[in-house]
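Written out below as structure tokens is the structure these notes cover.
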Amino acid sequence: MITKKSSKILKYTLAYIAVLLFVFPLYVIINNSLKPFADVRISEMWIPAQNLSFEGYAEAFVKLGQNIQNSFMLVIPVSLFSVMFGAIIGFIFAKVKFKYSNTIFALVIFGMFIPYQSILIPLVRTMNTIGLYGHLSGLMVTHVIYGLPISSLMFRNYYAKLPDELLEAGMIDGLRLVGVFRKVVVPISLPTMVVVLIWQFTSVWNDFLFAVVLTQRPSIQPITVALQNLAGTQVIEWNVQMAGALIAAIPTLLVYIFLGKYFIQGLLSGSVKG
Amino acid sequence: MYCAKKDRRIAVLILLPMLLVLFIFVYGFIAWSLRISFTDWNSILPNMTSVGFENYQRLFSSQRFQTDIRNTIFFTLFFLVICIVGGFFLSYLLYSKLRGESFLRTIYLFPLSLSFVVTGVLWRWIFSPEVGINSLFRMMGFEATFGWFTSTYSIGGFNVALIALIIAASWQYLGYTMAMFLAGLRGIPDQLIESAQIDGAGELAITWYIILPLIKPITFSAMIVLGHISLKIFDLAYVMTGKGPAFVTDFPGLFMFETTFRGNHYAEGAAISIIMLILVAVVIVPYLISTLRGDSE
């Protein structure tokens with residue numbers, strides 16, 4: 001839209017005031033994470049660090065290193081399984097018509113909106129019964145299952161736009177449904193695979209509720225739970241807490257910075273229609 | 001799509017086990033929770049004696065749960081208004097073809113990639129009464145004694161301690177509504193706005209009479225998505241404030257977690273979770289039905 005010059009200046013001003021509001025918490029976190037413990041004083045949170053030090057980071061790494069590793073070991077397989085199952089389910093709901101398929105799909109999708117509190121007690125009992133409670137693999141299974149609705153939805157929305165002729169051409173060449181999926185559909189699914197992959201990476205990395213309920217032992221806890229434990233101790237080692245918070249944020253921040261386009265695409269498909 | 005009968009059967013066979021697992025973990029578990037909520041299981045050992053609606057009655061008459069519901073309503077209200085008005089405002093700025101647009105968009109959106117735990121740790125320090133934003137005000141020479149999330153002050157049922165949580169949550173989610181509105185604004189045909197400009201309409205008139213009505217459906221979707229997030233809020237409050245003095249920053253999700261996994265009141269926890277589910281379903285089910293129906297037409 002064409003606008004007057006004076007209003008352009010006003011808009012720039014407002015846009016950059018907003019930038020300040022979004023960024024100042026980052027200043028707090030970076031500034032205080034770089035202070036040596038001796039310089040960390042309660043009243044001086046806003047004053048720029050005088051003597052830069054990586055003390056905080058060193059200690060945060062010692063305390064959280066194992067948990068970062070746990071998070072990666074959790075997030076990578078979950079994301080890959082989500083892509084695999086999501087693609088299959090999404091494809092079938094998009095292209096194979098069967099009785100009540102729309103109703104069943106609505107029931108699938110509802111699963112991503114429920115408050116997980118409403119399944120937590122049975123989940124803990126079940127994990128206990130099958131021996132996965134308190135293990136990283138139990139958390140993994142949980143995330144794969146409750147990630148199915150959103151992953152399937154993303155793939156379904158993508159596959160629904162594929163022209164039927166493309167798939168029918170594959171059938172004429174003698175392929176069956178499974179063959180069409182593997183040889184025709186999968187090779188052109190890469191963009192959506194990336195969207196689902198980084199969506200699941202981000203949401204599983206950031207999850208707290210499932211992790212805090214299903215993992216009791218500190219040695220297997222993912223980073224979010226460990227960070228909360230670290231920050232929950234009332235000893236004020238700010239530099240360590242701030243460094244820990246930044247370390248916990250970096251993997252998803254990097255994904256966002258380098259694959260932002262796909263991240264936003266995933267974000268918008270959360271509103272069902274995309 | 002054309003699909004041989006045999007192929008369709010294979011597809012259903014592949015789908016079936018996956019759906020079975022999902023439906024057990026969603027609907028089976030919900031039914032199980034519902035069942036627990038009608039029992040007397042309020043200690044470590046499972047006790048499935050039925051007590052009818054006792055758990056629900058006790059909840060609705062308890063001070064804590066009443067406060068939780070009030071907190072949820074106020075939190076949702078402010079969170080929605082800030083995100084929708086602020087998000088539209090930001091998207092409108094970007095829509096006006098400012099230079100550095102992709103930089104601005106990146107900044108507005110980055111908090112969304114963070115965990116609520118990170119946000120919570122960070123903003124807890126910022127609003128911590130002795131050290132945070134208060135000390136910044138003191139450095140500027142103001143007297144700052146507001147207790148932020150430790151304040152027990154309440155205006156007409158609104159616990160002002162919630163302000164800190166509302167700001168932190170809005171900081172994280174403003175970018176989301178911004179992205180939704182921006183996608184909507186980009187979908188408005190240029191000719192529509194150009195012809196209005198030729199007819200002499202000013203920027204405000206165009207916004208009010210053309211843009212706002214066109215993005216109404218997006219506003220509606222945003223309200224649903226944000227609304228269901230705020231009804232479920234747990235992580236942020238747990239990390240940033242906890243339940244607070246006199247439950248000023250307590251929410252049903254927090255209550256459920258504490259009473260179930262810290263206090264072993266399973267039946268009470270299950271009852272809270274069922275109430276949360278009903279609240280979310282009231283918002284989500286009509287929305288799901290209307291969008292999916294529109295989809296298949």
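Residue 1 is the first one shown; counting continues down the chain.
Each Cβ is built from the backbone N, Cα and C atoms, and glycine gets one as well.
Automatic prediction, not curation, is the source of TrEMBL annotations.
Look at TrEMBL and you will find B:69-289 tagged as domain 'ABC transmembrane type-1'.
Annotated transmembrane segment per TrEMBL: B:12-34 (among others), in sequence order.
As annotated by TrEMBL, transmembrane segment applies to B:73-95 (among others).
If you look up TrEMBL, you'll see B:107-126 (among others) marked as transmembrane segment. Among residues of the same chain six or more beyond the transmembrane segment (B:107-126), those with a C-beta under 8 A of the stretch's C-beta atoms are 90, 132-133, 149, 164, 167-169, 171-176, 178-179, 235-241.
Under 8 Å from some Cβ of the transmembrane segment (B:146-166) lie the Cβ atoms of residues 67, 70-71, 74-75, 78-79, 82, 123-124, 127-129, 132-134, 236-237, 240-241, 244-246, 248-249, all in the same chain and six or more residues away from its ends. The transmembrane segment annotation in TrEMBL covers B:146-166 (among others).
What TrEMBL lists as transmembrane segment is B:208-229 (among others). If you look at the transmembrane segment (B:208-229), the same-chain residues 6 or more away from its ends with a CB under 8 A from one of its CBs are 76, 79-80, 83-84, 87-88, 92, 173, 176-177, 180-181, 183-185, 188, 192-193, 196, 201, 280, 283-284, 287.
If you look up TrEMBL, you'll see B:269-289 (among others) marked as transmembrane segment. For the transmembrane segment (B:269-289), the residues of the chain that approach it from at least six positions outside its boundaries are 30, 33-34, 36-37, 55-56, 59, 65, 72, 221, 224, 227-228, 231-232, 252-253, 255-257, 259-261, judged by C-beta separation under 8 angstroms.
Within the chain, the transmembrane segment (B:12-34) has long-range Cβ neighbours (under 8 A, six or more residues past its boundaries) at 270, 273-274, 277.
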